[in-house]
Structure formats: C-alpha cells, structure tokens
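Chemist: First the structure, then my questions, so here it is.
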Amino acid sequence: MNNKKIFEKIITEKRAKSSNERPKYGLRKLTVGVVSCLLGYMMFMTPNVTLAEKVEQPKREEAVVEKSNEETKVAAQSKAQAIEKSEEKSAEEIADEKAKAEKELANYKTEAIKKIEKAFEDVDAEKSSKTLDEYKEEVEKAESKEAIDKIVADANADAAKAKETKTDENKDEAALEIGAETNAKDEVLKEAAPGTEAKNKDLEEKGDKNRDKVEPKANPLDFGLKKDGTIEEKNAADAVANKAELTEAKSYDWVKKPEFGDTEAQVKVTYKDGSYDILKVAITTPKKPDEREDSKIITKGGNSFEDAIDASTDKTPKSKQTLAGFAWIENEPAFGSRDDGDIPAAGKKVYAQWKDGNGVVSPIFSTVVREDGSFIFDLSRPVKNADGSFTEFKFAVDANFGVKIWAEEMKGYSIVKNGDMYSDYITRTHRTATGWNFTAGINYVDNAQIQYQRKPNVEKWLAKPEDQWVRPETPDGRWPDNGDCGVMRGIVWNENGETGGGVTNEYLFQKGNGDVAAVGTEVVASYVNDEVARQFDAWAKANKGYTHEQFKQAQKKIIEDYDAQHGVGSAIAETVVGKVDKDGNYRIPFRGLYGADRNVANKGAKISWKITDEEFGQLVKDDEVNHTDSRLWDKIIGLRVRHINWDYSYVYPLVPENRNVWMKMYEDNMFQSSYSIGGQMNAGTNISGIQFALLASRAQHNIINKDTNENFGKPGEVVLNKSQGLHNNQEYVVRWFRDGKPIGEAKKVISDKDGALSSFDVTVDNDLTQDTMYTSAVFPPNSKADKLDDAILADSFVARPIVKKVNKADPVKDGYVRVSFLSGEDGKFDGGATEQYYDILENYTLAEAKEAAKGSAAPLNIPNATPTVEKATFEAWKLDTNNKLQSLDAENLKLKDLADANNKLKEGVPVTFVAGYAIETEKSKYEPAYKEVAGKVGEEATVKAPTFTDKEGNPATPANVTYELGEGAPAGAKVNADGSVTYTPVDGDAGKTVNVPVVVKYSDGTEDKVNAPIKVAEKEVTPAEKESEKYEPAYKEVAGKVGEEATVAAPTFTDKEGKPATPENATYELGEGAPEGAKVNADGSVTYTPKDGDAGKTVEVPVVVKYKDGTKDEVKAPIKVAEKEVTPTPGEDKKETYITGEGKEVDPNGTKQESGFVVKNKDDDTKIKSAKDEDGNDVPAEIGEDGKIYVTPGTNVDGPIKVTVKDPDLADGEQTV
C-alpha cells in the first residue's frame, strides 16, 4: 500500500470517531463476506463511527482532514516550549536524549508488532479491514508511543471481529465459490518428485477477484543516465499502459528496481481487495559502465608480465593517479645514486601492481622507459571486480595500500632497485626513495627508481682461470679463522625485506626483516700483480680527466696484453675463494706480495731492508704466510713486509648468471677499491664490509585458475597458484587471506633449485554468503604471515556463493539474477513473511542452483507457502504472473519444489514466482469406476454401482453422492439412485462395448464423468453355404504338339455328391504362374501353343474360377505335349542326337541320381566329356541305356553341376547342360 495513502487512511479513521466529518467509502462489489465484515465492523464501532455517505462512483475518494485552529495553536505552543527547553541543554545532552528516545521508540515498536502478530494468528487477511503487513507498516511509520498504542488497539479490534465473523462468512463464501465454479474443470499440476510426470488434479481456485476484470498491460520503458552517471529512476506506474482502466488498483511497485543491463522488469499491481497482478515489462537500460564503447574500465588481462596492461601515458610526474620514476644503468659507481655518467635504460619495460588493504591485488601494468630514463604509469583506470565493484589506484584513506614494481631484464645486468630498496610491496610508510602524495583526489607516487648494475664478472677477465683459484683444503670448504691481517671479509645474503625509512641506496642484512644468509655460496676475490697495477697507475696519470668507462677499457687491454705475454691469469696476483657460513659471513685470506707496496720493496735505511729485489712483487712463501702480525702488513721497517693491491681488486659472489646481485663495492666489471664505497680497512690490511645482497628481482606469484573478474571461484572449488623467480632453496612462509584476514595456518615451504614454490591450494569455503576476496601471499621465512602488509608477493581472486539471500532493496551484483518469491494474496510463508528474495548466479537453473548450494551457508530454501483461505492448498508456483492456476500453461506453472524450473537464469532478466492456491474439491478427492459386465442383444444388463478410491488408490466412500445419465446416453439406459445402470442392448450393439455415460454429483456440487461399460455379445446367425464349397471344377487333358495351338475345353462341375452341376454366373481368369501365351476364354476353355521346351511334358495352365458370391476355386487345364519329331538327313537312316529335359535338384550324398536331362538318339559317339560343380570339382556322371544323364555328387559338391556331352551331331560337337 502506498505510504501516503496508509497515513491518510489512519488520520481519516481517527478523526471519524471524534468529529462530524464524514469519510467516504466506495465498494465496487459487495460479496456476502464483505457485507458481513462491514456490518460487524459498524456494529462494533457504534456509536463512535458515523456511517459513510453513499457515493455513486466506484473510485474511492480519500477524506482530507484539516486540523482546527485550536489544535494548530496547541501544537505550535507545545513545539515552542520544546524548543525553548532544548536550548537550555548542551548539544551533547540533546543528542544523547534523542538517541535514547529513538532506541526506546524502536523497542516499543518491536513489542507492538509482536502483539499485532499474536492477534492476527488464524485470521484470514481478507476478513480484516487491513492486512497484518499493513498494520506492521503503520507501526514502523509511527512517530510516538500514543500513535503506536492506537494502531495496536485498532489491530486487536479488527482481528477480533474477523474471527467472530469467520464461521458464518466461510459458509457464505464457500457457497459463492461453489456456485461460481460448479461446472469448471480446472486442471493444474500437482507436485511430483523430480524425474516423474506430474499428475493432473481437479481443483477450484478462490473466487474471482476485482483484478480479473481488467488485466494490466505493459508499457515498455527506456531508462537513461542521470548526470551523476547513475541510472534514471522511474515510477513503476509508468510501466503500466492502461492505469485508467484499473480503477481498483491501489499501488504499483517494482518487484526489483531496474538496474544497468536489465532487459525485463516486473511490476506488482496491488488492488484494493488485497489481490495483485505481476506484470512483466520489457525495458531498455543503459549498458553497464564497463560495457560502454567509451569505457576505460579494465575487465581482464594483467595476469602476468606477458599479459600486462599497457599504462603508458604522456602525462607528467605528480599527475593524479600516476606512478613515476627513473630507470638507469649504473655506470659511475657512486653508492647507488643516479649520476651524470649513468645511462638511461631507455626502451626497457617497467611493470607495476598494487594491493589494497582488503587484499585485492590489481592486474599487472606496464610502461616503457623514455629516452631520458623517466617512466610514468597512468593508473587512473578502474579495475572491475566480479561483483561489479571496482578497485582503484587510490590510497588516500588506505594506509595499507602497497605498490610492487618490476623491471624488464637486461642481459649482463642485475636489477638492484625495483622501484625502491624493497623486495616486497612499498607503502607510504614502508619506503626509502619514493614519494607518496596521499591527498584525497591526488594519489600519486613519484621518484620510483629502477637501477641496473653490471652482473659480477660477467665479462670474465676479473679473476684467474678457475683451475688457478685457491680454495681451502678443509672439510667444510671454509678458511680457518687464523687472523684478520691481509684478509677481506663481508656478508652475503638473500634479501627479503628492509626496514621502512632505512638507509637510502643500501641493502642491509636484517634477519628480523626476513633476510637469510646465503649459506654455502662461494665468494671469489682477486687483485692484480704489482706490474699490472703500475701500468694502471701510469695510464691514469697520462689520461687526466678520463671517464670511468675509459679506465675500464684500458684495464681490460692491459690485462689482455700482459696475459698474452706472460700466460693466461698471470696479470692477477691471487684469486682466492671463500665460503659463506651460517651467519652469512665469509673470509678470504691472501698470501700477499713481498714489498711495502707496489712501488717500494722496503722502507727506511737500507740496512733494515729485508726484501730482496728478486722477491719484490712475488707471492709470500708458504712458511711465511701470516695473518696475525699486523706489522708485516703495515710497512714496518726491518720486517719481511707484504702487501696486496686492494685498490685494484675485484670481489664477487659465485652465483648463476640468472641471479640478480647487489654489489656494494664492485658496481662495475673492473678492478677498483675494496673499501671506498662503504667498506672499512683497519690496520694490517684488515678489510671488511664487502657486502653482497642476492635479489629476487623478478619474483612473481600468480593464482593460475581464478581471478577477480569473470573467472571467479565458487564454494568447493580448488584454487591453485604458482610462485617463481624467488631465491632458490630458501624457506618461505605462505598463507591465504579472506577479505584481508588470515585463514588457516601459515605454512613453511622451501623453494626448489630454480626458485619456484609448489602450489599451496585453497578450497573455497562453503560458508560464503557474499562475494569474498581471497588472497594468497608469500612471506619471508621469519614472518608470522598474519598481515598482508608483510607479504613480499600476493595475488587474489573473488569467490562468489551460488545463492545469496537478499533484501528487496539490495542491488543485484554483476553475474547474478534476482529471483523473487511472493506468497500471493491468499497465503503467507513460514514465519509470516509474504516475500522472499534470492540472487542466484546466471546460467544456473533453479534446480541446479538448489543442488549446488545444498549444505552451504547460503542454500536456496524454496519457501513453504501456507494458504490463509480455509480448505485451500498450496499447489504450484506461478512464473512471472499471478493469474489463475488453470489459465496457465506448463511454461508458467512450476512444481512446488521447482524441479521443473529448467530454464537457465539470464543476467538482466529477473524472475518472480508467486504461490498458487486452490480449494480441494470432493471431485479432486475421489476417483469413481464401473466394472464392465457382459450383455446380449434383447436382454437387460445391469452394471453395479461404481466403486470409489481416494488419491492414494485406497477404497473410499464419498457422502451424499447422486447420479444422473450423462450426455449421449443410449435410449433406454437408466441410472438408479445407488448409481447402478441398466440397459437392454439393441441389434446395432452386437459385438460392441456400450459405454453408458454417468454424471457423479458430489455433496459440494462438483462433478465427475464416468462410463458404465457393457460388452455386448455377437448375435447368433446360421452362415450361408459358400459356392466354392458346393462345386468342384475339372479340366480334361488334351494332347498338344510343339508349335501347334492346343485347346482345353471348358471345365465340368460336380456337386458334393459327385453329380454334374452348373454354378450360376461363374467367371474365369488365368491363375498365377500361367505360361506365356496361354489364354482363358469367357466360357472357361483354355488355348496355348507349346514351345520347344515343353516337348515331352504336360503343361498345366492355372485357372481361377470366380463364383457369384465372391468365393473362388483354382483348377489346372492340362496339355500333354508330344516329343519333338526330328527329320533325318536325306540318304541317311540315322537320327541325329540331341538333349532334352530340365535340370533337377540333387542331394550331395554320394548316390547316383537323375539329372533331369535325356540324350535322344545316342550312339557310340555320344560321351560324357566332363561334369563339374561351381568350384570346379569333378562330379561322376554317365549316360544310361535309356539316354538319361546321371550324376553322383559327393558331400563336397557345392552349387549347380555343369555336365558337358560330346557328340558330332551336337552344335560345335558338344553341349553343356
């Protein structure tokens, strides 16, 4: 009901009890029930209610009640006093009092609704002036306890009167319903188990409603866009084309408000009598934002570097929603900063990804480094999630928002900075170099840094050949700790995380941040000999103002020339290898070269010299190696001093070329100082601080079978991921998160030799009720893995329940279809609700969705509808309509369990099911049947009274049943009071079953039609004798010759006693198989001219004799054909030899048998030449004295036998038969 009208109705009724105003009421149709209700209401309310004035028009006029001047004055004074009082209190006190009053009123409303619900138990909604829902709605809208008390009182009175009039009214209404539907044969589907046919059931729905008089018609609507980009709103009434005709309509409501992409909608048209229609309307709505032609929304891609989304732009740094920085190749070692001599990494790709505080991980984006080394990402495009929501590059209110940056690999170079000095996601508080502007509406990151550094000894001239390397001969491969003089020391580790705001441009070994010692990694250290060192010095002195690159190339040339002259590896004094221990430390002790330095062998007076000219610059002998006496390394006069050329040294970790290494001291492939960049040298050439961080600069972690958009997960599905590019053989911690919160246990895993992790799967939980973001993350080894902020790698996907139970006002998220269940005006659902709403994933049928969501936290529980009308039953669901059950076809009528709702749900096309009810009639409860009896023509037959069975097939007896003959009953048939039927069959019934129609009338006026069957016997008749049985025809044989016509006289006939007889009107025709040329004449005589093949045979011509009664006889006319006469050659007495006869079937049993052929006039020249079967097998054959040809076929003989006879008289001297 429209809220405004409800409120006006309340005001009207209140004023009518205490004033002279007369509200007008109009009733279009008065049923007995309505009149009873009205009279009862009037009697109950008298004398406070004035009878309504009679109105002529059917449309009701709402009474408008104005307040009196006095009432207005009092109200104004009260309000002024309240304001004055409130001004005396503080704002906090006023707010507290207001909140307290609101809470009090809310509790009061809850108790009031409980009272009304109790009062309305067992109350028929149509017998009360208002429905339960309408009273509850009035309570929710009430603004004072007094108003609520009044509504409760009205509801109690209304319910009491409805119950008082229930008995009488039920009788009256039942009579009206029966009268209206007495002759109806309405059949609707009854519930059946899935996979079985639904049986038909005769039911009668509740009587006509006012809504049935005029059906609403759809008015298709177009929805546009508002200025703010949201969909235009329209009233549901606009979708009804014939509102003027719907005089009884009370309100128009959307079952579900139209949203982007919808193509259909349903309008609920509610009438004054409480009934309603569901009107399906075609609508056109704007495309979803991401589906429009000009859309910049990202809906797919970005799952890997190869699939990265291009975010290149011509914007400048510090533009809104940008990520900017520089990428360079370190060419002037200067502790990691960008210097003039460094080279821009122009053309290289840079990648970026963000992660928000809820665990949503964005796609991977890419851009290209510009000529000046700068790069910039435009990250202003929103990324669409599966549910239609968006994730954006906005971190003004998200302190946990993080960014991860990668760079494209460059051959021969390590990536030592990936946007900042961190291996994990950088944030506005977890950074050293980048600048973050998290002002609302700005959201940019700048000064991101990509630095490429030459990989260690990639040029292969900075150490001796490996077979000249010196390794310790110890079990663990490490040098014994026997002093620090003449030693280089440092740390090598796998870099996993830095402290936010740490040292700019430097990685620190911090176990607390997850760094792991690179245990077992070998470190190779070398320095050049004195002669080569002096050549380096000389070149530098001669080339003032040289560049770093020029000096590097000069070193390389000097080394090559020296090795060419003195042998490969000779330019380098020592190459010594150390190994990293469990704490990350390594130690490399050198022998050293004799001499104070490369230019002076001894210091002080000659008398104190201890190094000879021959020893100067040579390696210290075994027995003089010393690492404990610093004096030997500090040029002390009078000692056997030694030195190393530490300023022309090169130290590097021995790792595969695909590893990225941060070289703290040795940033380029050349000999340089061992401590000038962050190192330390103490007395005794004790050099330390030579650090190397192994970096996982290209590490990736991806969920491989699901994502945050179209390929979302569902409950029960297993989701996989993969991690690669990590440190090899290192422990990591992995864990899944749900909406940013950790789930399950953190799990420790170890990467393989290639830096990959096995998938750590997750099964989507079955407790989802809403779209949920799952994030898988990789953490450093010491992490608790309880915060996504600490993850070094992450990826996410959206999981969605198959079914969501929702409220009417909830928007439908992308990919779901709104399915609404309405209880209908004549019923309610369990718990008293009249509406229930679900959102179900598209492309499911209702049955599939119900099965898929079984056992989940969001099952599809099809509501159980209970009728509020006496004797009615819930029969079926009406699909997208509220028309009468019997008027619907199978498409619009569905089983109670919706097992037959087998259409796939389609996004943008909401579905509505309305519960359909029917009153169970006597006819629907019983099944009558007559048992067939036998009958004879002329004799009365009696069919016993019918038997009845109930719906389960059990015997039953309906009360007060009457019977009458049905339409088309045969003349003379009679149905008795007990239902038995009598009838005397007539001649025309002989041999048939006569079904006497009977109408069974039940006590409620419903009827059944049934037949009483009588099987009538055939009438006994003596059959007439057939002509063919009375006569016997016969032809007399005649002689014939080949080539001469022979005539067989007409047949003679005899009767059963053998006496001559003549049938009347007999006719003749040739029978089947008659020889060609034979002819039967009208009198039955037969003519035929025998052929050569007939010679010596009797030809029998078949003849059919047809008698006048249609019966037939078959007889043969015989002609005995003489042998063919052969005329001998003149002058010779001998007759010619020839062969006559036809082949006969023989049995392959080894016995002599006639072939059917005869040799005429055989003589001594007549011989058998051969006899063979179809396979070429020989068959014994001979010519008998009588000229007959005999064969003796054995059991192996197959098919026809061909016999060849030789004789000069035969054509060509022989003949094969």
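Placement of Cβ uses the backbone N, Cα and C atoms for every residue, glycine included.
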Chemist: In TrEMBL, one of 64-97, 710-743, 982-1015 is tagged region 'Disordered'. Which stretch would that be?
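Modeler: Matching range for region 'Disordered': 64-97.
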Chemist: Look up region 'Disordered' in TrEMBL and report which of 108-150, 1054-1096 it refers to.
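Modeler: My reading of TrEMBL: the region 'Disordered' range is 1054-1096.
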Chemist: Per DSSP, what is the residue tally for the domain 'Long Rib' (924-1016) in helix, strand and coil?
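Modeler: DSSP classes over the domain 'Long Rib' (924-1016) add up to 5 helix, 42 strand, 46 coil.
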Chemist: By DSSP, how many residues in the compositional bias 'Basic and acidic residues' (1160-1174) are helix, how many strand, and how many coil?
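Modeler: Here the numbers are 0 helix, 7 strand, 8 coil.
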Chemist: Could you pull the average pLDDT for the domain 'Long Rib' (1029-1121)?
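Modeler: Value for the domain 'Long Rib' (1029-1121), mean pLDDT as a whole number: 93.
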Chemist: Under DSSP, the domain 'Rib' (212-284) has how many residues in helix, strand and coil?
Modeler: 8 helix, 29 strand, 36 coil
